[in-house]
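Chemist: If you scroll down you'll find the structure; I have some questions about it.
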Amino acid sequence: MVQAWYMDESDEDQRKEHRLDPNQPVSPEELQALGVNSYKLDADNYESDPELAKIRQDHNYTFTDIITIHKDTLPNYEQKLKIFYEEHLHLDDEIRYILEGSGYFDVRDKQDRWIRIAMQKGDMITLPAGIYHRFTLDENNYVKAMRLFVGEPVWTPYNRPADDFEARTKYLQLLELKA
Ligand SMILES: CSCCC(=O)/C(O)=C/O
Ligand SMILES: [Fe+2]
């Protein structure tokens, strides 16, 4: 299960844990109530993993590619990291599966507080369309992740405020239904 916790408000390095003191953990059930789902998979055998194949089939994730985020391999590394860490939403679900390395996805809860989700090798996460979120590497400065999508991928981030999109309105309705 992914580990998650409420963040402090310090401006220190984004790659640090930023836990509250005392720590305030967030359970997988609390994440699910925000529409965020996670799976633990066998990242060493992702090419032949029947569990991954079933998830892809069940959700119609027809597209996959792999992104490696490291200063020596990713073109425009610093600029991309900045874009990933700007608070944004997408008009489609964001699905990521960590094959190597680690990083943090931060999502907003219903009270607009940041929750930090620690993603490690074998963790898959689905963020619903319309949820405000961001991504950062952690202090290991390396992640290799599979990106999954239904159909032709669209990665466009819409930075906050992006409240007028239908995806945002629908997400807020989803939250109401789950309450
Ligand atoms: C671990 S994949 C990089 C982050 C990303 O693709 C994204 O869209 C963050 O919101
Ligand atoms: Fe995103």
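Note: Cβ is positioned from N, Cα and C throughout, glycine not excepted.
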Chemist: Going by TrEMBL, His88, His90, Glu94 bind Ni(2+); tell me which of His59, His133 is listed for that site too.
Modeler: His133
Chemist: Please report the number of other Cβ atoms within 10 Å of the Cβ of His90 (Fe(2+) binding site).
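Modeler: A 10 Å sphere around the Cβ of His90 (Fe(2+) binding site) contains 20 other Cβ atoms.
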Chemist: I want the residues beyond His88, His90, Glu94, His133 whose C-beta is within 8 angstroms of the mean position of the Ni(2+) site's C-beta atoms, in chain order.
Modeler: Leu89, Leu127, Ile131, Tyr132, Arg134, Pro157
Chemist: Just name the most isolated of the binding-site residues His88, His133, going by other Cβ atoms within 10 Å of its Cβ.
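Modeler: Selected from the binding-site residues His88, His133 on minimum Cβ neighbours within 10 Å: His88.
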Chemist: Going along the chain, which residues six or more apart from Glu94 (Fe(2+) binding site) have their CB under 8 A from its CB?
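Modeler: Set apart from Glu94 (Fe(2+) binding site) by at least 6 residues yet with Cβ under 8 Å, we have Thr126, Leu127, His133.
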